[in-house]
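Reviewing the structure listed below.
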């Protein structure tokens, strides 16, 4: 049999319902995917607009929520930065769905490798056991691992706009509209909740004072409105926190490197990543391992990673790497951040985390990062009237809130995750974060048998 | 002792033996379930937490985190390997309490010491101490629901590795025996809540061999946290004024969760409630400072300290041991581990009247 055309669409339909596809179809799918992935370089070129996503970890229902909030494939272009499997109950369905979508819409979706896309890690963290449980043999796990070996190690996004066209979403509850930047301001950062309501907006060249005021307001846990107040463009351009070094009004943001973990002391240029032989199990050390395992940290230079693989790297390393490679931003995943995303080192690197309530235990929100196309309305692909409504080609705004839902729940959780200062060498891309919570419990279809030791009892 | 406080011991035991009681519990939790049924179900859920702990201990032992040849002998379920971060957490919990107990036993090592383990369940500490401190004069007591003590004594009876540790004393022989007494090791079948209803002047249940005159360490590893704060207070009051009255030195070591009000804490409460487990002291003493105040309030005036397990891992575990443990398994979930460890604490508090008292001396340098 072959999995193509309508077979593939049937498989997608079945997987969207969170039902595994038969083993022979998995084999065929993995074969097709390998043929496709082998043609990709170690660093895949991706054009904006694109929506960048972090770890999924088998939380299938939350992946569906992600598509609801961010738009469906192929209407929205996606770049997933790895860690599709392990920990959650539905690694198999999540990974196979993403793989089907990759085979079906190869130009619309990019998958890069995370440290969990590895034989060794999946035997410890659940994917192997899940395959065994669902198919009675390890064959499917083996097919998937062969695909893992072909996944790209990184992606380079080009053509992203430096400023966001302000989204037309309504203002989230508890946000003072007076705090939003002027309508003619150049929006650098916008944070929307799952309803598409504006929670935060930051104008490029906002002065440092208003930024730190925002941080202060956010650090007060007792605040009744702990949403990041939106700094307005009150300060003169060129003051301490401005990012005008590169001429702020031009749309000439550098490229954005996407990688699961981070940098490696063995890699000082993107070309060196391109030279690696990636088609293998993730090694225990070396450049390929580092790209999938490293973490940024508040240190100078390089440090040993407490994970036992990869390294820690400081702001100086990131700034130097970005400058040398003409990057405006590194987007990476790999670390749980309670607020869904976290910009560090003057917004030269961002962590995006897309598994809400990670492991059904951590209580965190998730985020995705939308980068707009240069000269267009960032991140918003004008969608046709898709199956989820949105009506007449208007902006489709995701919503996970039912009629009785409380749309402000995620507002309360969002705290200051933006860097203290926005300055850097290159104007970063306009960044729209969509923050979302876990899919409602009743839609999760939690397995009857829960894991035994969620906590220490 | 108020026996009506222990509902349907035999039937609970039967349901345990008959396999997981989960399905049955669920059926009974329906809208028609009576108050008593719900109470019984909650009690049962708490009793079953002990096998969770036993399984976690076995996982740690099999992977080399802990040395405990006895853990497996008490675990009723086949061993399942726990996730690395849970193994790390179990390691920190166990080694932290071991550390405090070690300091206690090695201070004035020739003088007799007493340990009372509340809700001991399948804990193996007594047997490990026999190996580790053969010269110590320890009187060890375990208190738990009868359903747990019956199972424990059955395990001891079954395994020579266990009952030979009881020295020259006859091992327990009678089936379904719920209590066991000897000069070194005592197992008391007692619902601790029954103590809370004892008022001053009313006789309290006899705990044979409990010596009111020797320095006594009370241990509560995830036990008192399942009870109402006022009940806990009453139980400790009975121990500290009647079983072990002033001026006998007494101390308490607690292991329980903290920080209920952040996202992780809220999720923990909600997840555990689906297993019919509630943690009343978690809400009553949310922060570490609340734990300190609480301990002082119990009458431990000479010291009341608390540290979360994240700090304990960082500060208590020596570098070489950290390296050894970190090398046992690749641990990818560092952020989650940090979250998890920050949500559990070890608290230790004592009264012994003066700097030369055994607890003041033993724990003077333990960092909080």
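Heads up, the Cβ atoms here are built off N, Cα and C, so glycines get one too.
Summarising the annotation, TrEMBL assigns region 'Disordered' to B:1-39. Under the heading S-adenosyl-L-methionine binding site, TrEMBL lists B:93, B:119, B:191, B:192, B:221.
Listed binding-site residues (B:119, B:191, B:192, B:221) with a CB under 8 Å from any chain A CB: none.
Most Cβ neighbours within 10 Å, among the binding-site residues B:93, B:191: B:93 holds that distinction in the structure as shown. Around residue B:192 (S-adenosyl-L-methionine binding site), a 10 Å sphere centred on its CB holds 25 further CB atoms from the protein chains shown. For residue B:221 (S-adenosyl-L-methionine binding site), the number of other Cβ atoms no farther than 10 Å from its own Cβ, over all displayed protein chains, is 24. In the three-state DSSP classification, residue B:221 (S-adenosyl-L-methionine binding site) falls within a strand.
Here the Cβ of residue B:119 (S-adenosyl-L-methionine binding site) has 25 other Cβ atoms within 10 Å, regardless of which shown protein chain they belong to. DSSP assigns residue B:119 (S-adenosyl-L-methionine binding site) to coil in the three-state reduction, placing it in neither a helix nor a strand.
Counted over all residue pairs in B:93, B:119, B:191, B:192, B:221, the record's binders of S-adenosyl-L-methionine, the longest Cα to Cα distance measures 24 angstrom.
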